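S.K.: Sending over a structure as structure tokens; questions will come in a sec.
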Amino acid sequence: MSGLEIRQLQVAYEGARGAAPHVALADVDLRIEPGEFVVALGASGCGKTTLLNCIAGFIQPTEGEVRLNGEPVLGPGADRGVVFQKYALMPWLDVLDNVALGLRFQRVPKAERERIALEMLKLVGLEKHARSQVYALSGGMQQRVGIARALASDPQVLLMDEPMGALDAMTRESMQELVLDVWGRTRKTVFFITHSVEEALFLATRLVVMTPGPGRIADSYDLPFAQRFLQTRDARAVKSSADFIEWRERLVRRLHERNQEEVVS
């Protein structure tokens, strides 16, 4: 069976000093088809990053399972590339060598890994900076290096953990467009987490809303805006359209309602 499948996932952490365990995720079921761009939206503490870490294989669930193409995810693997909010680049390596680092660990010959790394840099528009030092790049450019590095191993799934959270507003918007452009050309399966309603609406082909206490998937919506941008290449027109604004207000109201329900309960 192809695709990513999450079944009855629960993650609980031991309580401090004998306290009851903290349940971060409970009863999470999610299926992601190949080529989908799925965005998980929710406030801090709703378990978004915990869910991504389970998919990445960084942590094992207390109950339930994650399967990729029918096989259980038991640890990290080259079939899943991760882009972090903090760029996690190696400052002693130049841009090209940072992108090629995972391939080096896989013992890919130097000429081949540099060819692949340069190809990925072209994909994100940084081929002219291949031999630049990463600390000399802007935040947005460093995040592009992170995306290129995650793609270099040709993963089936790209996992993006609030990768634009540390960027200024203008850079964030240009990065959103870049991410959609890369997705449109590669059609990788993407799981992206954010707490920004507008970002979620713009990027997602399918949006899942998560709520805390413990983290669960409350709602799921199919959305047209990512495909609309790829057709028109006009992000401002997409984000200022009547249906985008209507969706944004609907989601903000829904999130407030969910948060109020959690406070009352």
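Cβ atoms are placed via backbone N, Cα and C, with glycine included.
Below are the features listed in Swiss-Prot for this protein:
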type: BINDING; residues: Gly42, Ala43, Ser44, Gly45, Cys46, Gly47, Lys48, Thr49; note: ATP binding site
type: DOMAIN; residues: 6-237; note: domain 'ABC transporter'
S.K.: If you count the C-beta atoms lying within 10 Å of each candidate's C-beta, which of the binding-site residues Ala43, Cys46 ends up with the smallest number?
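M.R.: Comparing Cβ neighbour counts within 10 Å for the binding-site residues Ala43, Cys46 gives Ala43.
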S.K.: In this structure, which of the binding-site residues Ser44, Thr49 has the fewest other Cβ atoms within 10 Å of its Cβ?
M.R.: Ser44
S.K.: Restricting to the chain of Gly45 (ATP binding site) and a gap of 6 or more, list residues whose Cβ falls under 8 Å of its Cβ, or answer none.
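M.R.: When sequence neighbours closer than 6 are ignored, Gly45 (ATP binding site) has Pro212, Gly215 within Cβ distance under 8 Å.
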S.K.: Under DSSP, is Thr49 (ATP binding site) helix, strand or coil?
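M.R.: Note: Thr49 (ATP binding site) is helical by DSSP.
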S.K.: How many other Cβ atoms sit within 10 Å of the Cβ of Gly42 (ATP binding site)?
M.R.: 25
